[in-house]
Amino acid sequence: MTGSSRLSRDQATSRLVAAAADILAAEGPGAVKARTVAQAASVSTSAVYHHVGGIPELFQAVADRGFEELAEKFSAVPRTDDPVADLFRHALAARGFAMASPHLYDLMFGLSTRGTYRPTAANEPDRRSASFRLAYGHLRSVCERVHDAGRVRATTDVTSVADQLWAAVHGFVTLELAGHFVQHLDPVREVLTPMTVNILVGEGDSRASAQASHAQVMLCDAGDGDQRENADSSATNLS
């Protein structure tokens, strides 16, 4: 075991966060304990408290790392001439992230029993972690493009649109992870797509334009003929 005294605070913290994230992914939040994490990180158990502060702070650091990874997923979304299509791609990127890392996603949003992420003060949004704001900034930026393109009313508040879509996608993902959409053959097409279309229509976009933007994403991202057929039919099935 490498003594934590040989490591800088940043090095020890990085090891501990990485180890905790790995344990979380493999075994869930209940398995993330000081001794287990320390052993996986090859440091002493006391290093968890000395360098990080304790398990709650370690969970917060893992959650922040999750938001940084989500921001990277958002950064990888290609920018096109259709901001509504790009916005839907961000929704799909968030869903894909959650499906790939369900325990991490739960932790990030305080859904698991050990989840501790909360804004420091509800009326002070800038005090949310920089990692959270980084991920959220991508979503708000594409919502600004939607607004500037005239796809929503000129008087529409961009932050309100971003928050509505964040809440809608988060709710969808949470229910899907919990297995509540088993009655749907394609939850994305049958639930997520019409929901995001309806939000945009409510904010001023035309239904035809919103449906076309979403259908194009499904068509371009389809991996086989059956998915492509679903995408082709989506424009007439989103009402």
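Placement of Cβ uses the backbone N, Cα and C atoms for every residue, glycine included.
As annotated in TrEMBL, DNA-binding region covers the listed stretch 33-52 rather than the other ranges in 33-52, 53-72, 173-192. Mean pLDDT of the predicted structure over the DNA-binding region (33-52): 93.
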